[in-house]
């Protein structure tokens with residue numbers, strides 16, 4: 001019984017300390033979560049929308065209109 005109790009407590013600790021066990025303002029989906037602070041204001045160019053993918057720790061942009069690129073820096077022709 002003591003072994004079971006110890007294993008249960010270890011499992012709870014893993015869940016509480018993992019990223020998946022943490023709560024965020026917005027649930028992550030395929031497009032990540034909205035950027036905050038300086039990234040929200042200046043990471044994307046040409047009116048793009050900044051997103052953050054928590055699982056890989058990367059920022060990217062959803063571009064508007066005729067722009068492409070990681071930060072919406074390229075105009076399509």
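Any Cβ shown, glycine's included, is placed from N, Cα and C.
Its Cβ placed at the centre, residue 50 (disulfide bond) has 22 other Cβ atoms within 10 Å. As annotated by Swiss-Prot, disulfide bond applies to 35-50 (among others).
With a cut-off of 8 Å between CB atoms and residues at least 6 apart in sequence, the same chain places 50, 61, 62, 63, 71, 72 near residue 44 (disulfide bond), listed in sequence order. Swiss-Prot lists 44-61 (among others) with the feature disulfide bond.
Secondary structure at residue 63 (disulfide bond), taken from DSSP and collapsed to helix, strand or coil, is coil. The disulfide bond feature in Swiss-Prot is assigned to 63-72 (among others).
Residues annotated as domain 'EGF-like' in Swiss-Prot: 31-73.
What Swiss-Prot lists as signal peptide is 1-23, and the listing cites sequence analysis.
Under a cutoff of 8 A between CB atoms, and with a sequence separation of 6+ in the same chain, the neighbours of residue 35 (disulfide bond) are 43, 50, 51, 52, 59.
Mapped onto three states, the DSSP output places residue 50 (disulfide bond) in strand.
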